[in-house]
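Taken straight from Swiss-Prot:
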- 44-63: disulfide bond (DISULFID)
- 48-65: disulfide bond (DISULFID)
- 59-76: disulfide bond (DISULFID)
- 47: N-linked glycosylation site (CARBOHYD)
- 70: N-linked glycosylation site (CARBOHYD)
- 1-26: signal peptide (SIGNAL)
C-alpha cells in the first residue's frame, strides 16, 4: 500500500512540475523553427492520377501530386514559403 501511494505521489509531482515548466519558454520568435521562418503546405482543390506511362496528371499551377506508397491516386498540394529546390546545373 505504501509503495502504491509513494508511486502515485511521484507521478503527481512530475505532472505538476511538467505543467509548471511547459509555459516557461521564451515568447520571442527566434531560431530556425520559429513561425517567422515557417512554411505552409496546403491541399489544392484537385486530385491527381498516375497514367500507364507512370506520369502524374491532374495538378495545375504551383500544385504538385502527393501520394502514399504504390497508389496510383493522390492529392494535389502547394507549398508556400521560402523554398529553393533547384537542381544544381539545371539552369545552365
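A Cβ is built for glycine as well, from the same backbone N, Cα and C atoms used for every other residue.
Locations of recorded Swiss-Prot features on the structure.
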residue	record	contacts (Cβ under 8 Å, 6+ apart)
44	disulfide bond	59, 60, 61, 63, 75, 76, 77, 78
47	N-linked glycosylation site	58, 73, 74, 75, 76
48	disulfide bond	56, 57, 58, 59, 65, 67, 73, 74, 75, 76
70	N-linked glycosylation site	none
Residue 63 (disulfide bond) CB neighbourhood, other CB atoms within 10 A: 19
Residue 76 (disulfide bond), number of other Cβ atoms within 10 Å: 21
Residue 70 (N-linked glycosylation site) - helix vs strand vs coil (DSSP): coil
Structural state of residue 59 (disulfide bond), classified by DSSP into three states: coil
